[in-house]
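J.: The structure under discussion is supplied below as structure tokens; questions concerning it will follow.
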Protein chains: 2
Amino acid sequence: MNVDKKLPLPRMLTLGFIIIIIVGTLLLSLPIATRSGQSTNYIDAFFTATSATCITGMTVVNTAIHWSIFGKVVILALVEIGGLGFMTFAVLLFIFLRRKVDLTTSLLTQQSLNLQSAANIYSVVRLVVNFSLLIQALGTILLFADFGSRYGFWKGLGYSIFHSISAFCNAGFDLYPNSLTRFAGDPYLLLVLSGLIISGSLGFLVWKDILFFHEDRRLSLHTKLALTTYLGLIVISFVVFLATERNFGDHSQLNFFQRLVDTFFVSVTPRTAGFYIFNYNSFSDAGVLFTIVLMFIGGTPGSTAGGIKTTTVGILLIKVWSILRGKRDATFMGRRFSDDNVNRSLTLGFLVTVTLAIAALFLLMTESIPRHMGFEYIVFDVVSAFGTTGLTLGLTPNLTWIGKLIFCALMFMGRVGIFTVMYSVLTSKHPDDEFRYPEENVMIG
Amino acid sequence: MNVDKKLPLPRMLTLGFIIIIIVGTLLLSLPIATRSGQSTNYIDAFFTATSATCITGMTVVNTAIHWSIFGKVVILALVEIGGLGFMTFAVLLFIFLRRKVDLTTSLLTQQSLNLQSAANIYSVVRLVVNFSLLIQALGTILLFADFGSRYGFWKGLGYSIFHSISAFCNAGFDLYPNSLTRFAGDPYLLLVLSGLIISGSLGFLVWKDILFFHEDRRLSLHTKLALTTYLGLIVISFVVFLATERNFGDHSQLNFFQRLVDTFFVSVTPRTAGFYIFNYNSFSDAGVLFTIVLMFIGGTPGSTAGGIKTTTVGILLIKVWSILRGKRDATFMGRRFSDDNVNRSLTLGFLVTVTLAIAALFLLMTESIPRHMGFEYIVFDVVSAFGTTGLTLGLTPNLTWIGKLIFCALMFMGRVGIFTVMYSVLTSKHPDDEFRYPEENVMIG
Ligand SMILES: [K+]
Ligand SMILES: [K+]
């Protein structure tokens, strides 16, 4: 089958996401989706569907109060589809129908899971799905141990399932009026949720390496770099937040251990879970800026996390360091990064920065900043949307309709991948580039 | 003569700048440097000397009121040294002494002027100096046509020389209490100053290409890219500021033509002149963010301007565009950019962004933000310092002593070049890299 004759793959992926969002929007705009029985306006339904499919967790209506059980199940389904990637479900369908996966589906799944090759698509998808469901089930049980006694069996079960899925998918949707602020002093829940968030944001490639380490006896460069950056980020965040957010202890007289767990949770969530236990308006300025940086970075590629990704930042730091040391190659643990890897990282970082700056410029014109705040009010939420984190300084619930559309675009690019989206818009054909212009140098910096 | 046995060149350049700043600090801390006859404290003298040598124009004491004629001459000398590059003066000394320039001086000058080769150092330096003095003299005459009648002969001459040098060197020092706000409606002065600012920030390579175009009949890729980006920036800025700063017309009932000239001036100054005719606190939020972007970009390499430079941004945009279009090469006007050029641009952009983010993080902890402002209060001035622009939202005059030192470091890295400074700190030797680690790929984004 000749794939080239059809739509280019990036365009098909982008289109697939759009179709899912549209279906979600229609379902959420039905009267049965709300508790009040009144239909939600299209823009808010569209925003919620985008936020769920892109597992961002930003809300313009309160999830617990506004949506009915039906609405919540739709949101949860969109989150699961967005979290595991809809191509995963396409392959599942093939498996279910006992048909052979066709080439297009195979290539799309490869692209959607960021795989190096399209071989073993079956086993990869099976691994992803089984592992995800296992962790989510485990999370549900652990959460139910608390929620069951707290809310009774059925409500407790519902809450356990909802928050387990939301945490593992780094979706950030919750069923409380102020996210998890009420659990600020609850180490058990916070640690269970942190575990789910980390499991989801490490990505299946890392998990595959870890799970089969006893067979292979080696970790890929990807896994080594991802784990190192990930661990480094958590340790640095923990230290920074301990230094900048001394007032965590003041909230309702938490003890030292509770403060440590809280700080750990706050270090983990920008990976891009989007739950919060303290309103970010109560953070120090330095803490807010640092959270912006963390959301910008996000988690591991091929995971449920957003951002420009840990590996990208890892390569950028190693490359810059090697250039400053006058070395030719960017190396890590006895391996050299390919030029293509390095170029892609640098380009991604630049492209995202420019996109976010342009979005912020427009929002500074369309939205109004409260008197006691400044640019962070816009920038925090812009980075949060693109990073699919879902944290807010207060802008999101107050967005104008233009603002809502800009945010939908940011969440979409953040989840589908800015390269994929831009390719699908820009690349009409693949020029051969057989002819190359002569090279000439330019002064830099 | 074996240069390798001595200090590495970047370290010598960095050291040279430091020595000039120290000499400047000592001179400015003398009692005769102030009008009051009382000596200035070392930190403020150091800040002023750094700001002048790095042609930034940020001030912690008012230039006109605080410094004596002697102090002002010291500042002007530091500005001229910083603007033309102190290696230029070293070569001038050789010419003056009728001695042959030694290899080290020749190589240092090459590096300091960002030249491709060390050949023709004499003629390049002569061109740079003659051209600069000519333009500055012309500027002085044009300014004197106004200042002469305004302030009388001697004071008018002094003011003309001072502001001509300051404008051409993109230094941003002025002799007024509120920069050039009093000239907001004065098209003649603003256009003369704009001309000086543009002349200085285009860089000598571009000027050489333009001046000898009748002989060579071709422009280098550098000149084409620099001019295109430069012109593009001015046009875009002009349109953006016309849209966002509608209230320019409200200031003291300016007519439409005056408003156009004001908008033009405001589009030119972030290139990194640092003069202002309207306080940036009165700008719209979008205007402030856009100015931050402009200061970050700055002017042409090898000019008196700072920032990451127009050519860097030009290459980055072209590279990203070519990647998104699925093309192998980044090309412009029938020429291909070398991989080295592209890599250096990408690395520079990333390195600067990280440096500024870290600086902002520290400043958010040490400085206090006025109640009605937010992060822009810090970020604007941080970018302004690194870009050696010198514009401020009000932070600079109120810096703590830690803040002053951070700003001095930013101005220094901005002027000497972040690569040069980091090389000189980090590179102890040049490793051969004969042995290369095996390559392995990592997932990105
Ligand atoms: K999220
Ligand atoms: K300046």
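Heads up, the Cβ atoms here are built off N, Cα and C, so glycines get one too.
Please treat TrEMBL annotations as automatic predictions, because they have not gone through curation.
Summarising the annotation, TrEMBL assigns transmembrane segment to B:12-33, B:45-67, B:73-97, B:118-145, B:188-207, B:227-244, B:283-299, B:306-324, B:344-365, B:377-395, B:401-426.
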J.: Can you tell me which recorded stretch out of B:73-97, B:118-145, B:377-395, B:401-426 has the most Cβ pairs within less than 8 Å of the transmembrane segment (B:188-207)?
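T.: Going through each listed stretch, the top one turns out to be B:118-145.
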J.: Using a threshold of three or more Cβ pairs below 8 Å, and leaving out pairs closer than 6 in sequence, do the transmembrane segment (B:283-299) and the transmembrane segment (B:12-33) count as in contact?
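T.: Checked: the transmembrane segment (B:12-33) vs the transmembrane segment (B:283-299), no contact.
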J.: Apart from its near flanks, which chain residues at least 6 from the ends of the transmembrane segment (B:45-67) lie with a Cβ under 8 angstroms of it?
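T.: Distant contacts of the transmembrane segment (B:45-67): 17, 20-22, 24-29, 33-36, 74-75, 78-79, 81-83, 166, 169-177, 274, 304, 306, 381, 384-385, 388-390, 392, 396-397, 399, 404, 407-408, 411-412, 414-416.
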J.: Using a Cβ-Cβ cut-off of under 8 Å, list the residues of the same chain that are 6+ residues beyond the ends of the transmembrane segment (B:306-324) and lie near it.
T.: 54-56, 170, 222, 225-226, 228-230, 233, 272, 295-300, 330-332, 337, 341-342, 345-346, 348-349, 352, 386-389, 414-415
J.: Taking residues 6+ outside the transmembrane segment (B:401-426), which of them lie with a CB under 8 Å of any CB in it?
T.: 8, 10-11, 13-15, 17, 21, 43-44, 46-47, 50-51, 53-56, 58, 60, 82, 111, 306-307, 348, 351-352, 355-356, 359, 362-363, 366-367, 381-382, 385-388, 395
J.: Residues of the same chain, at least six outside the transmembrane segment (B:344-365), with any C-beta under 8 angstroms of its C-beta?
T.: 296, 308, 311-313, 315-316, 319, 375, 378-379, 382-383, 386, 395, 402-403, 406, 409-410, 413, 418-419, 422
